2 protein chains.
Amino acid sequence: MPAKSLPVENDGPDETAGPSKSEQTRALILETAMRLFRERGYDRTTMRAIAQEAGVSVGNAYYYFAGKEHLIQGFYDRIAAEHRAAVREILDRETDLESRLAGVLRAWLDVAAPYHEFAVQFFKNAADPDSPLSPFSQESEHARLEAVSVHREVLAGARRTKVPEELRDVLPELMWLSQMGLVLYWIFDRTEGRERSYRLAERGARLTARGVALARFRVLRPLVLEVHELFTDFLPGMTKVLPDPGRRAAATE
Amino acid sequence: MPAKSLPVENDGPDETAGPSKSEQTRALILETAMRLFRERGYDRTTMRAIAQEAGVSVGNAYYYFAGKEHLIQGFYDRIAAEHRAAVREILDRETDLESRLAGVLRAWLDVAAPYHEFAVQFFKNAADPDSPLSPFSQESEHARLEAVSVHREVLAGARRTKVPEELRDVLPELMWLSQMGLVLYWIFDRTEGRERSYRLAERGARLTARGVALARFRVLRPLVLEVHELFTDFLPGMTKVLPDPGRRAAATE
């Protein structure tokens, strides 16, 4: 894959400018690490080896990434950024919830395809929700918020879908959770071209669209809220997601 | 744990008689294997070592268990049988769905407690749904059907819960699936005495009871059926579970 600039860290403006030298170095280290993780496995790859292969000093590598775990966060951020770019066209075109969601899930499978082998190896490091490498960890928050915000947009732009106010923050997170279910399935999918995962994406989108449509019934809302509450109470990273007033304000416009 | 007899294989009558010599040997091999898996890890334990520690010939060990994977199935069967025994008193006493389900989930956590360390190690072998060691595999069907039948009983004996005919086979499987969610959570639970898992069991039971209560609404049934269909279409072992006429007949009496 091309070593393009990845302004995925939320550390300032500069997003319209071309990639700075610093961004290029950062991207190069990340590329190299991902390649070595794929070739040698995460556990057997050292920061020293990554620096060496990238042609930078060890100190320089540590300047950009405080450790291997941070490289994984960089990887999550990259996937999230690539995904966000890939869904732009779908979200601008599709107007019904099922098509929007199916498109977003398919785009994720497309973006992640080159990393499948790595994901299989890496799974045992990321499955533990208390690991900083888990998608639920505090450390993964940046990538997770990016991903949840895609689902927020999926929902907000679905023309015929009326979402009750009280579910507006909750549903995008549940949709992201079901995307995590798809990711888990994809990791173990050995079919040619991950064909089953693509089918699951379609089916999952249909099911979710139905679920969201039903969530407008007043009798169901407490259940939806309780499901969400259960996840936020029992998964580490999610607890802090809801009460952030900035996000809440953005969601209601 | 005591080396008691475990007539968990469905290969004939004989369930009321005491443990035969053959059953005792089988149980001894299983105990020994479980101990070695715990002490040395699953990957590093050989059939030869198990036979040696159990004081039987390697040939004899292979007579009872065709390989390490079969020992794991034996382990699953044992957990299922112990669980079934542990829930007896709860199911005879409790009459409302939430208490019945909470009791059943708590009993599972009690029964599984001695194996927590092993489960953590073993997770990477069992997480792949295509592995024979996965709880969804064809090979695990016996233990899975046992476990699903417990949930069938949880539901059937809940006095004030009316379950629509069309959901009678589907709900126990979905309840078992949510139990698998609890198992996954428990594996990564590092709290003292797995205290969080016990709390999740309570909360999960409450949520499930609510969900089942809502499933009586006609508008929701298609969604419940579709969720179940999605799981049966995409997880290996489950596909074959529904169409078995024997089980279906037993369920409707």
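Every residue gets a Cβ built from N, Cα and C, even glycine.
Where the annotation comes from TrEMBL, it is an automatic prediction and has not been curated.
The stretch that TrEMBL tags with DNA-binding region, taken from the ranges A:46-65, A:106-125, is A:46-65.
Taking H, G and I as helix, E and B as strand and the rest as coil, DSSP gives the domain 'HTH tetR-type' (A:23-83) the counts 49 helix, 0 strand, 12 coil. Mean per-residue pLDDT, taken over the DNA-binding region (A:46-65), amounts to 96.
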